[in-house]
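> The structure follows.
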Amino acid sequence: MKLILSTLIVFIHTLLVSALPTKEGSDPNSAKKYLVSDLPGLHENITPDNSIPLMFAGQLEIYPETDTHYFFWKFSDSNPETVTNRTIFWLNGGPGCSSMDGALLETGPFRINSQQQVISNNGSWHRMGDIIYVDQPAGTGFSYSDTYITDLDQVAEYFLKFMEKYYELFPEEIGYEIYFAGESYAGQYIPYIADAILQRNKKLVDGEHKYDLRGVLIGNGWVSPNEQSLSYLPFFKDHGLIDVHHPKWATLLAKHEQCQKIVNKIDSTFDDGVVHYYEVSSSTCEAILTDLLEYTQDTASEKDQRCVNMYDYTLRDSYPSCGMNWPYELVNVGPFLRQEKVMHQLNLINLKKWNECNGRVGRTFQARHSIPAVHLLPELAKEIPVMLFNGANDIICNSQGVLSYLQKLQWNGETGFTNKDNQISWIYDNKEVGYIIWERNISFINIYNSSHMVPYDLPDVSRALIDLITGKYDEKDVDGKKSFVTYPLGSRKESDASANGEENAGSDKVPGDSPSQTMDPMISSSTASSSSVESSLSSSTASADSDSTSSKFTRLIQLAVILVIFWGVYVLYASYKSRPSSIIKKPTNNTSNVTRSSAGKKKNVQWADQLNQFEDDERTQEPNQGIIAKAIGKITGSKDTRGRYAPVQRGNGNEYIDDIELGEGLSDPNVDEFIIGSDDDEEQGQAHSGAATHNQKQKPMN
């Protein structure tokens with residue numbers, strides 16, 4: 001009988017594992033080991049259940065010869081009504097700063113509370129498509145390697161290898177439309193990766209599939225470092241942070257002129273295809289911001305209010321932090337990701353301590369042999385839409401700097417925006433949230449009341465950027481101004497229904513330079529009609545609904561089978577126990593001894609990585625516990641409060657020094673999470689490529 005019960009438990013556990021929901025067509029033998037089924041606060045704080053996304057995470061091996069693993073965390077909407085065949089790859093910057101900032105502070109489905117538990121972010125981008133956060137280059141966040149890369153060409157090479165391995169795990173997604181999104185120094189990463197994908201698509205070999213890249217979204221991007229640094233002094237002056245009567249004005253103006261000379265030299269050789277030292281080095285121009293932050297201190301204010309926050313000029317911070325203690329919720333993210341149970345739940349192979357930024361990666365990644373990414377934008381714009389969005393309150397990668405390099409750039413037959421004053425109002429949820437300038441497949445979007453991290457400040461608004469780049473908006477005249485109108489999730493359909501047949505209601509707008517234009521270049525460079533795009537999306541959604549229904553029906557059948565088996569075994573067991581002992585076996589003088597001997601034995605039941613001991617099945621049962629409850633208890637481990645995984649040693653126990661991308665100098669003197677350092681040694685004052693420094697402290701480009 002005990003053998004039957006043991007076999008039954010194994011069988012039922014196998015059924016339950018096989019019934020786990022998977023994405024359409026995914027290979028359970030490869031992808032399921034990356035499944036994330038629990039996190040602190042997940043089932044307590046995220047309600048209803050269909051709000052919990054389907055998650056996969058882990059350290060994916062991309063180059064075994066150098067032990068290079070990229071950590072990824074993927075979120076998919078579990079609601080079949082919103083499923084789309086769309087993949088969004090999100091990258092943060094640095095270089096060397098983790099994309100977990102994006103996942104847990106910006107565009108992901110979760111934020112982290114002070115109890116280190118996940119809570120809901122209602123503006124999550126995973127409702128617009130599968131979103132994958134990747135820690136790269138190797139050494140960043142939870143990613144690791146025996147060697148670190150140094151240049152942007154390598155970033156593209158390594159990421160394409162990651163994509164190859166990713167699609168081996170999820171082969172059904174290889175035909176999905178792809179978007180890249182990120183911010184700050186990702187303004188260097190993303191153009192290089194996108195260019196490499198487009199080049200790859202032009203020289204496919206047998207057995208390779210095209211990557212359907214549809215567009216890129218770069219938020220407050222560090223795309224043309226020296227040109228953007230020229231905007232610092234005008235920004236401070238225009239926003240009343242300094243004036244021409246300031247005692248240091250002449251000094252600042254002289255440094256501004258030095259930077260201008262460098263930019264003039266860059267402009268004179270911009271198209272020669274040569275990597276010039278004066279273009280890949282930006283330390284002279286970046287020093288302008290360092291000095292501005294120092295010279296504009298308000299020494300009469302409280303200590304924590306003396307310096308302008310470089311990421312949001314409306315905020316103040318202590319000097320020399322000047323914004324590096326922000327965003328304030330960042331203090332919750334590190335402790336959350338350093339919990340051993342969380343590392344196990346994220347399927348880590350290497351339990352490395354998570355640091356927001358890795359100083360060693362930043363020092364190694366000098367990008368001295370790669371031209372700045374601004375050079376790649378014209379070629380990208382020939383094939384895909386390029387969206388550059390900016391929080392209006394940011395200083396370090398501000399809107400003036402972005403418009404400045406765009407006005408010099410030649411793309412698709414003309415230079416800059418032909419009429420940058422022709423601004424289109426962006427309306428979201430009946431409010432004007434910014435303006436758009438869009439020509440020839442490049443768009444600039446200035447977003448009001450937001451910082452360097454737009455999704456952190458305005459998660460719902462930022463999610464609607466996906467609607468803009470995919471054409472899911474209405475073009476209207478609002479208060480006499482041309483406007484693009486986007487809506488909260490689901491409300492566009494309601495708005496269309498209330499219009500009661502109004503012309504163009506419910507259809508995707510296809511704005512362009514003329515009313516007769518039939519394809520929105522913001523959607524793609526292909527010649528497919530918008531109706532075919534809608535048909536494809538509708539078809540994929542219907543397919544997803546059908547598969548979801550089939551999957552639910554299958555799981556119901558499996559549950560019914562399990563219950564029937566339980567009942568049958570219970571009946572057999574009850575019948576067995578109710579029979580006279582003489583029928584079962586012949587009484588002997590040593591029966592009691594045998595019984596006592598059997599009852600004294602223990603059996604070891606392995607659950608996950610730990611061993612728990614249970615009493616023999618023939619021991620006395622609790623009055624209210626039946627065989628079903630007992631079996632379920634063994635399957636679920638409900639009485640075991642120690643978790644599913646045994647503790648893992650941390651090697652020699654050495655701790656790493658934190659690298660926090662956006663802050664240093666926490667108020668708690670015992671927890672300094674804002675020291676710039678590395679995985680190997682304690683460091684302060686290291687200036688990363690592409691990030692200005694002040695008082696020997698790094699200002700990373702997240």
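The first residue you see is number 1, and the count goes up from there.
For all residues, glycine too, the Cβ spot is worked out from N, Cα and C.
Below, the features straight out of Swiss-Prot:
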ACT_SITE  S184  active site
ACT_SITE  D394  active site
ACT_SITE  H452  active site
COMPBIAS  587-598  compositional bias 'Polar residues'
COMPBIAS  692-702  compositional bias 'Polar residues'
CARBOHYD  N85  N-linked glycosylation site
CARBOHYD  N122  N-linked glycosylation site
CARBOHYD  N441  N-linked glycosylation site
CARBOHYD  N449  N-linked glycosylation site
REGION    491-531  region 'Disordered'
REGION    582-603  region 'Disordered'
REGION    659-702  region 'Disordered'
SIGNAL    1-19  signal peptide
TOPO_DOM  20-555  topological domain 'Lumenal'
TOPO_DOM  577-702  topological domain 'Cytoplasmic'
TRANSMEM  556-576  transmembrane segment
> Give the sequence-ordered list of residues that share a chain with N122 (N-linked glycosylation site), lie 6 or more positions from it, and have CB atoms under 8 Å from its CB.
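Within the chain, N122 (N-linked glycosylation site) has Cβ neighbours under 8 Å at P459, D460.
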> Can you tell me how far the Cα of D394 (active site) sits from the Cα of S184 (active site), in Å?
11
> Near H452 (active site), which of the recorded positions N85, S184, N441 can be found within 10 Å, Cα to Cα?
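S184, listed in sequence order.
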> So of all those glycosylation sites, N85, N441, N449, which one's Cα sits nearest to S184 (active site)?
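Nearest by Cα distance to S184 (active site): N449.
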> Which value does the mean pLDDT take for the topological domain 'Cytoplasmic' (577-702) in this predicted structure?
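Its mean pLDDT is 38.
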> Can you tell which of S184, N441, N449 has the least company, meaning the fewest other C-beta atoms within 10 angstroms of its C-beta, among these recorded positions?
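Comparing Cβ neighbours within 10 Å for the recorded positions S184, N441, N449, N449 has the fewest.
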> Give me the CA-CA distance between N449 (N-linked glycosylation site) and N441 (N-linked glycosylation site), in Å, as a whole number.
26
> Could you tally the C-beta atoms, other than its own, that fall within 10 angstroms of the C-beta of H452 (active site)?
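Other Cβ atoms within 10 Å of H452 (active site): 28.
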> Secondary structure at S184 (active site) (DSSP, helix/strand/coil)?
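It is coil.
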> Given N441 (N-linked glycosylation site) and N85 (N-linked glycosylation site), what distance in Å do their CA atoms have, once rounded to a whole number?
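It is 23 Å, counting Cα to Cα.
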> Using a 10 Å radius around each Cβ and counting other Cβ atoms from all shown chains, which of the recorded positions N85, D394 yields the largest count?
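Result for the most crowded candidate: D394.
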